[in-house]
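Student: Dropping the structure in here first, questions after.
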(Lines of atoms letter the chains of each structure in order from A and count residues from 1; the text may use other names and numbers.)
(Lines give C-alpha, C1' and ligand atoms only; values in the text may rest on other atoms or scores of the structure.)
Protein backbone atom coordinates (compact mmCIF):
# COMPACT_ATOMS: atom_id res chain seq x y z
CA UNK A 1 0.00 0.00 0.00
CA UNK A 2 1.00 3.60 -0.51
CA UNK A 3 1.81 5.82 2.47
CA UNK A 4 -1.38 7.27 4.00
CA UNK A 5 -0.90 10.72 2.46
CA UNK A 6 -0.11 9.43 -1.06
CA UNK A 7 -2.66 8.37 -3.71
CA UNK A 8 -2.58 5.00 -5.46
CA UNK A 9 -3.15 4.40 -9.18
CA UNK A 10 -2.23 1.34 -11.27
CA UNK A 11 0.70 0.11 -9.19
CA UNK A 12 2.16 3.52 -8.37
CA UNK A 13 1.90 6.01 -5.52
CA UNK A 14 1.54 9.74 -6.20
CA UNK A 15 1.79 12.87 -4.10
CA UNK A 16 1.26 16.49 -5.09
CA UNK A 17 3.58 18.92 -3.33
CA UNK A 18 2.49 22.53 -2.91
CA UNK A 19 6.11 23.65 -2.96
CA UNK A 20 7.86 25.50 -5.74
CA UNK A 21 11.25 24.05 -6.68
CA UNK A 22 13.56 23.94 -9.68
CA UNK A 23 13.41 20.71 -11.70
CA UNK A 24 16.63 19.36 -10.13
CA UNK A 25 15.52 20.23 -6.58
CA UNK A 26 12.06 18.75 -7.16
CA UNK A 27 13.55 15.51 -8.53
CA UNK A 28 15.96 15.28 -5.56
CA UNK A 29 13.08 15.99 -3.16
CA UNK A 30 11.01 13.18 -4.74
CA UNK A 31 13.88 10.69 -4.34
CA UNK A 32 13.99 11.59 -0.63
CA UNK A 33 10.24 11.16 -0.08
CA UNK A 34 9.83 7.53 -1.12
CA UNK A 35 11.98 4.58 -2.11
CA UNK A 36 12.23 4.66 -5.90
CA UNK A 37 10.61 8.10 -5.96
CA UNK A 38 10.94 10.46 -8.94
CA UNK A 39 9.02 13.23 -10.60
CA UNK A 40 5.89 11.83 -12.24
CA UNK A 41 6.17 9.98 -15.56
CA UNK A 42 2.99 10.28 -17.64
CA UNK A 43 2.67 7.21 -19.84
CA UNK A 44 -1.00 7.30 -20.89
CA UNK A 45 -4.00 9.57 -21.16
CA UNK A 46 -5.49 7.73 -18.17
CA UNK A 47 -2.45 8.58 -16.05
CA UNK A 48 -2.64 12.22 -17.20
CA UNK A 49 -6.34 12.34 -16.27
CA UNK A 50 -5.50 10.90 -12.84
CA UNK A 51 -2.75 13.50 -12.33
CA UNK A 52 -5.07 16.35 -13.35
CA UNK A 53 -7.79 15.18 -10.92
CA UNK A 54 -5.18 14.85 -8.18
CA UNK A 55 -3.16 18.03 -8.72
CA UNK A 56 -5.57 20.76 -9.77
CA UNK A 57 -7.79 20.77 -6.64
CA UNK A 58 -4.69 21.00 -4.41
CA UNK A 59 -2.64 23.49 -6.39
CA UNK A 60 -5.21 25.54 -8.31
CA UNK A 61 -2.17 26.08 -10.52
CA UNK A 62 -1.65 25.52 -14.18
CA UNK A 63 1.74 23.78 -14.46
CA UNK A 64 3.70 21.07 -12.61
CA UNK A 65 7.14 19.60 -13.24
CA UNK A 66 7.12 16.12 -14.75
CA UNK A 67 10.06 13.75 -14.95
CA UNK A 68 10.78 14.36 -18.63
CA UNK A 69 14.05 16.12 -19.39
CA UNK A 70 16.68 16.44 -22.10
CA UNK A 71 19.52 14.97 -20.03
CA UNK A 72 22.17 15.24 -22.72
CA UNK A 73 21.09 18.58 -24.22
CA UNK A 74 20.71 16.91 -27.60
CA UNK A 75 16.92 17.12 -27.90
CA UNK A 76 16.61 13.47 -26.88
CA UNK A 77 13.94 13.48 -24.19
CA UNK A 78 13.72 10.63 -21.69
CA UNK A 79 11.74 9.78 -18.54
CA UNK A 80 13.68 10.09 -15.28
CA UNK A 81 12.74 6.50 -14.35
CA UNK A 82 14.08 5.32 -17.77
CA UNK A 83 10.64 4.22 -19.03
CA UNK A 84 10.14 4.25 -22.80
CA UNK A 85 8.69 7.46 -24.20
CA UNK A 86 5.80 5.94 -26.13
CA UNK A 87 3.02 8.37 -25.22
CA UNK A 88 3.58 12.05 -26.12
CA UNK A 89 1.53 15.25 -25.80
CA UNK A 90 3.87 18.09 -26.80
CA UNK A 91 2.91 21.62 -27.59
CA UNK A 92 5.48 23.66 -29.53
CA UNK A 93 7.73 25.30 -27.08
CA UNK A 94 14.09 24.71 -23.33
CA UNK A 95 15.29 21.34 -21.48
CA UNK A 96 12.84 20.36 -18.70
CA UNK A 97 9.14 19.63 -18.94
CA UNK A 98 5.91 20.69 -17.28
CA UNK A 99 2.37 19.40 -17.70
CA UNK A 100 -0.76 21.51 -17.51
CA UNK A 101 -3.09 20.51 -14.67
CA UNK A 102 -6.11 21.68 -16.63
CA UNK A 103 -5.71 19.69 -19.84
CA UNK A 104 -3.42 17.25 -21.58
CA UNK A 105 -0.51 19.41 -22.78
CA UNK A 106 3.21 19.37 -22.04
CA UNK A 107 5.62 22.27 -22.38
CA UNK A 108 9.38 22.66 -22.16
CA UNK A 109 10.61 25.11 -19.55
CA UNK A 110 14.00 26.25 -18.34
CA UNK A 111 15.05 23.86 -15.58
CA UNK A 112 16.02 26.63 -13.16
CA UNK A 113 12.56 28.17 -12.73
CA UNK A 114 10.45 27.11 -9.74
CA UNK A 115 7.25 25.13 -10.29
CA UNK A 116 4.96 22.92 -8.25
CA UNK A 117 5.46 19.19 -8.83
CA UNK A 118 4.08 15.68 -8.43
CA UNK A 119 6.17 12.77 -7.12
CA UNK A 120 5.64 9.15 -8.10
CA UNK A 121 6.95 5.83 -6.76
CA UNK A 122 6.05 2.17 -7.15
CA UNK A 123 3.64 0.71 -4.63
CA UNK A 124 5.84 -0.88 -1.93
CA UNK A 125 5.64 -4.68 -1.76
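Numbers run from 1 along the shown chain.
Glycine is treated like the rest: Cβ placed from N, Cα and C.
Found this in Swiss-Prot, in case it helps:
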DISULFID  2-13  disulfide bond
DISULFID  30-119  disulfide bond
DISULFID  96-111  disulfide bond
DOMAIN    9-120  domain 'C-type lectin'
CARBOHYD  95  N-linked glycosylation site
CARBOHYD  112  N-linked glycosylation site
Student: When you measure from the Cβ of residue 96 (disulfide bond), how many other Cβ atoms are you left with inside 10 Å?
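Tutor: Total other Cβ atoms inside 10 Å, all chains included: 25.
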Student: How does the model score the domain 'C-type lectin' (9-120) in terms of mean pLDDT?
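Tutor: Reported value for the domain 'C-type lectin' (9-120) is a mean pLDDT of 84.
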Student: Which Cβ among the disulfide-bonded residues (2, 13, 30) has the fewest C-beta neighbours inside 10 Å?
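Tutor: Among the disulfide-bonded residues 2, 13, 30, the sparsest Cβ neighbourhood within 10 Å belongs to 2.
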Student: Reduced to three states, what secondary structure does DSSP give residue 30 (disulfide bond)?
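Tutor: Where residue 30 (disulfide bond) sits, the three-state DSSP reduction gives helix.
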Student: Using a Cβ cut-off under 8 Å and a sequence separation of 6 or more, which residues in the same chain sit near residue 112 (N-linked glycosylation site)?
Tutor: 22, 23
Student: Quick one: of the recorded positions 30, 95, 111, 119, which has its CA closest to the CA of residue 13 (disulfide bond)?
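Tutor: Result: the closest of the recorded positions to residue 13 (disulfide bond) is 119.
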Student: Near residue 119 (disulfide bond), which residues of its own chain have a C-beta under 8 A away, given they sit six or more steps off in sequence?
Tutor: 14, 15, 17, 29, 30, 33, 34, 37, 38, 39, 40
Student: Could you measure between residue 2 (disulfide bond) and residue 111 (disulfide bond) for me? Cα positions, answer in whole angstrom.
Tutor: 29
Student: CB neighbours of residue 95 (N-linked glycosylation site) within 10 A?
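Tutor: For residue 95 (N-linked glycosylation site), the 10 Å Cβ neighbour count is 17.
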Student: Tell me the Cβ neighbour count for residue 111 (disulfide bond), meaning other Cβ atoms within 10 Å of its Cβ, over all protein chains shown.
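Tutor: That number is 19.
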